[in-house]
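Read through the structure below, which is laid out as structure tokens, and then see the notes.
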Amino acid sequence: MNPHDRIVQHFHESIRTKQMAMDALTESIADAGHLMAQALQAEGKILSCGNGGSAGDAQHFSSELLNRFEMERPGLPAVALTTDSSTLTSIANDYSYQEVFAKQVRALGQAQDILLAISTSGQSGNVNAAVAAAHERGMAVVALSGKDGGEMAGLLAERDVEIRVPSDVTARIQEVHLLAIHCLCDLIDQHLFGGA
């Protein structure tokens with residue numbers, strides 16, 4: 001297949017996956033946006049975590065809340081647990097990589113907070129440990145996942161919200177995760193501040 005055809009194929013696959021996700025995920029994204037907005041109204045914050053590209057997504061989400069998304073508004077409290085290399089490496093060295101997010105959740109998380117847990121497979125041990133730690137702290141969890149939801153799906157409590165992308169392709173899952181993050185940011189802004 002020539003480069004042009006490969007590029008077109010990627011676009012078509014992305015469009016198909018987003019169309020399936022639109023049908024399958026609208027309600028769960030709306031539920032997650034409402035849950036997050038309620039937490040922020042109750043003076044809670046949103047902690048986020050993930051590995052690799054999902055770490056970048058966690059940081060992207062936090063930056064949109066802390067700064068602004070598409071409207072002028074005050075900053076909102078959000079912390080990406082993926083950014084402090086001293087903390088991450090000290091926890092990994094002294095305990096294990098499995099604990100790098102969970103220890104931060106236990107230190108920073110309160111019952112009114114939300115954990116945004118991002119894993120394309122649901123099999124990321126350190127993200128799953130963070131989900132368990134969030135529950136220990138009385139927090140709700142919004143899980144961005146894909147494939148069959150993996151181990152993370154089985155860890156979720158009744159009040160948690162899973163946004164599971166209907167795909168087995170990591171790149172397509174990541175593309176929908178970014179769109180879902182933008183939808184969540186918009187829903188939070190609309191809920192808290194009304195129309196732009």
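Heads up, residue numbers simply count up from 1 along the chain you see.
In case you wondered, yes, glycine gets a Cβ from its N, Cα and C as well.
For 36-196, the entry in Swiss-Prot reads domain 'SIS', with the evidence type sequence analysis. What Swiss-Prot records for Asn51, Gly52, Gly53, Glu64, Asn93, Asp94, Ser119, Thr120, Ser121, Ser124, Gln174 is substrate binding site. Annotated Zn(2+) binding site per Swiss-Prot: His60, Glu64, Gln174, His182, in sequence order, evidence recorded as sequence analysis.
If you measure from the Cα atom of Asn93 (substrate binding site) to that of His60 (Zn(2+) binding site), you get 26 Å. Of all Cβ atoms in the protein chains displayed, 16 besides its own lie within 10 Å of the Cβ of His60 (Zn(2+) binding site). Its Cβ placed at the centre, Asn93 (substrate binding site) has 9 other Cβ atoms within 10 Å.
By neighbour count, meaning other C-beta atoms within 10 Å, the densest spot among the binding-site residues Asn51, Ser119, Ser121, Gln174 is Ser119. Neighbour counts were taken as the number of other C-beta atoms within 10 angstroms of each residue's C-beta; across the binding-site residues Gly53, Glu64, the minimum falls on Gly53. Using a 10 Å Cβ-Cβ cutoff, His182 (Zn(2+) binding site) registers 15 neighbours.
Considering only the residues assigned to substrate binding, Asn51, Gly52, Gly53, Glu64, Asn93, Asp94, Ser119, Thr120, Ser121, Ser124, Gln174, the longest pairwise Cα distance works out to 32 Å. Taken residue by residue with DSSP, Ser119 (substrate binding site) is part of neither helix nor strand, so it is coil.
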